[in-house]
Amino acid sequence: MVKIGVLGLQGAVSEHIKAIEKCDATAVVVKHKEELEELDGLILPGGESTTMRKLIDKYDFLDELKHFAALGKPMFGTCAGLILMAKSIVGYDQPHIGVLDVKVERNSFGRQKESFETDLDILGIADKFPAVFIRAPHIVEAGENVEVLAKHEGRIVAAQEGPFLGCSFHPELTDDTRLTEYFVHMVKKSKENA
Ligand code: GLN
């Protein structure tokens with residue numbers, strides 16, 4: 001069975017743990033950087049990216065997270081997690097982990113509604129996926145090797161580049177595990193090929 005961690009410094013951690021377990025993988029809450037070594041894949045949850053970044057620095061996680069990505073181990077960022085993974089953030093000079101070749105804008109659905117749910121078609125993964133958006137970012141630009149997986153009202157809200165998957169919404173907040181299942185499958189394939 002593959003072992004998937006959820007960065008447990010802040011945000012929607014336990015919901016991701018439950019979703020991973022439903023997909024027949026072992027789920028671990030990661031609170032210490034040493035725990036990353038034993039993992040086959042990692043989920044960066046939603047929450048508040050600025051708070052998460054402060055805690056990443058406080059617990060000295062940043063280099064280890066970059067190292068995890070450099071090993072080519074799959075990473076899945078949801079909402080704030082997507083912001084942590086993006087190579088570029090509108091209004092910021094520096095990215096956080098900076099591994100997924102996209103530019104994101106924070107809180108980009110804010111003016112329409114603080115939070116909402118909509119059915120999304122996610123390319124090759126799920127039709128009518130119930131996507132929960134909470135002060136969500138969107139992807140403004142995607143690099144040439146990035147596959148756009150879903151759009152909402154013309155804005156990119158899910159994308160993948162090799163082992164790196166990101167989405168603007170919260171797949172862990174509904175009972176629909178199709179996106180988590182897809183990530184677990186990515187982790188299994190990556191482990192087999194390692
Ligand atoms: N608005 C948050 C941020 O910028 C993300 C919100 C979320 O993860 N639900 O970090």
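Glycine is treated like the rest: Cβ placed from N, Cα and C.
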Given TrEMBL annotates GLY47, GLU48, SER49, ILE134, ARG135 as L-glutamine-binding, which of ARG106, ARG155 belongs to that site as well?
ARG106
Residues among the recorded positions GLY47, ILE134, GLU172 that border ligand 1 - Cβ under 6 angstroms, in sequence order:
GLY47, ILE134
Residue, out of the recorded positions CYS79, ILE134, whose Cβ gathers the largest set of other Cβ atoms within 10 Å:
CYS79
CYS79, HIS170, GLU172 screened against SER49 (L-glutamine binding site), Cα within 10 Å - retained active-site residues:
CYS79
